[in-house]
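Here is what Swiss-Prot records for this protein:
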type     : residues : note
CARBOHYD : ASN142   : N-linked glycosylation site
CARBOHYD : ASN212   : N-linked glycosylation site
TRANSMEM : 7-27     : transmembrane segment
TRANSMEM : 62-82    : transmembrane segment
TRANSMEM : 89-109   : transmembrane segment
TRANSMEM : 179-199  : transmembrane segment
TRANSMEM : 213-233  : transmembrane segment
TRANSMEM : 268-288  : transmembrane segment
TRANSMEM : 339-359  : transmembrane segment
Amino acid sequence: MIWNNRLILALSLLLRLHLAISPSYIHPDEHFQGPEYALGNLFDWAHETTWEFRGDSPIRSFVPLWILYTAPLSVLNFLWKGQLSPREAYWFIRAGHALAYWILGDMALDRLSDSKKSKTKTLYLVGCSYVTWSYQSHTFSNSTETLLVLWCLVIIKESQQRHSMHHQRVHKFMDAGLLGLLIVIGTWNRVTFPLWLIVPGLTYLRKYLIHNISSLILLIASVALTAFFVIHVDSVHYDLEWTITPLNSFLYNSQGHNLAEHGIHNRLTHLVSNLPVLLGPLLILLRTPSQYWKSLQFQSAISGVFFLSLFPHQEARFLMPAVPLLISCYDINAVPRRFTSAIFLLSYVFNIIMGFLMGTLHQGGVVPAQHYLSKHVDSGSHTVVYWRTYKPPSWLLGIPEGELEILDKDHPLGTNLFKRVTDEIENIQIRHKKTMVTVLDLMGSSPEYVNDVIAALAPINPLLVAPVAGLKELDLPAYKEVWKTRFHLGLDHIDGLESLEPGLVVLEVL
């Protein structure tokens, strides 16, 4: 049994390494809420500034992006003598996210564990989770949120231990100051961050802070000073007065019609769908014996899941912090011993399938296609049409700012773009003659509409990026295949088994 566990752990480490650098594309937010904006601005690459960063009330803070992307990539670019490519930047930030979670996440879980047995169980099962292999290595703000939640809990736990052991006052002050700093960074990273700390925070206040007024005052001061600094930086960055992005985000998300644009879900979605999808068959081990009810991990998980379930927009990635927290509360003895091996085998199969699906296949051709196109379009004018793919991250093309025009549903043409995009054909041809690149995102368009657009653009030989499964629905003029990968699967247009054929191609219309 020990040998089997060690073998499985070794295989999970290999999967961690492989999926950390596999270019799957789980959700557009992993690009457009972080690298697209931060690195596009840093390197003056053409990029799309999404609505979160525009207007008089931006809802995304620049400070977490500066910490995660701008600062480290500036150093890397210096070491590369100013020759850093988008491809190298992409692999660096993906590997950085993976390593940060492997090192800092495991360290936090180690320090949160009450015994060697509990630590071994937690690190083993977290290491065997596909969420660790795939989601956590992607550039989601949720990935950062997970680490910040874990380390806030570490500080809370160790503060209470130091109080009972009468440690030096300087350690208590350092704990309070650092906790305040992390709370602000976490909140400005994601407005939902405090929800994970409400229940454990109340316990911390009742058992510790109420008896240590000096630490409470320092915690409040740390929060206030850090918040003031972040607000000042954001205000300067956006050239606005008193830009409080978490407040803007809260006000935006408190409006039902705004949430409706992103999708309205049943308030039980997190509980009955998202948690089982993230945790898999081992969710049955969450029997919650009395000792787990008292743990900070369980309190934090319940706090986050409960309060997030009050909001009608619910996506599985919102619960990423709950995965290591709840795994640490698993009770191996929750099921009869004769069923244990079967449940664990089922869990391994589940995580391998989900890991391969979300970590390798899911929209897995988009990023490699961008890497290919970055070399193909740097020598002249091109028009690239994307169909039935997630929104392509423009920064990966490495095109200088001002030389790329992006046409999609968020373009100033608005919905008219999808109604009569052919009205723009003449303008696209003009840009083509000026040695510019035009990206036309037709993700949700019908095959008939795509046929019309390609036919109108045929004189300038556009490139079409589309899934292999969708080509059968198109009636294209003569073309040649210039690039292809089999590691791509879109799950947004499933219509029978034929639509599940994997693959993404780049075609040049002749």
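Glycine is treated like the rest: Cβ placed from N, Cα and C.
Counting Cβ pairs closer than 8 Å and at least 6 residues apart in sequence, the transmembrane segment (89-109) and the transmembrane segment (268-288) reach fewer than three and form no contact. The transmembrane segment (339-359) and the transmembrane segment (179-199) are not in contact, since fewer than 3 Cβ pairs between them lie under 8 Å (pairs 6 or more apart in sequence).
Same-chain neighbours of the transmembrane segment (179-199): 59, 61, 63-64, 67, 141-142, 144-145, 148-149, 151-152, 155-156, 159, 218-223, 225-227, 230, 234, 245-246, 249-250, 253, 299-304, 307-308, 318, 321, counting only residues six or more beyond its ends whose CB sits under 8 Å from a CB of the stretch. Put simply, of 7-27, 213-233, 268-288, the stretch with the most CB pairs closer than 8 A to the transmembrane segment (62-82) is 213-233. A coil conformation is recorded for ASN212 (N-linked glycosylation site) in the three-state DSSP classification, outside any helix or strand. A Cβ distance under 8 Å defines the sequence-distant neighbours of the transmembrane segment (268-288), meaning residues of its chain 6+ beyond its ends; these are 125, 129-131, 298, 305, 308-309, 314-316, 318-320, 322-323, 326-327, 329-332, 334-335, 343-344, 346-347, 350-351, 354. Note on ASN212 (N-linked glycosylation site): other Cβ atoms within 10 Å of its Cβ, all shown chains, come to 17.
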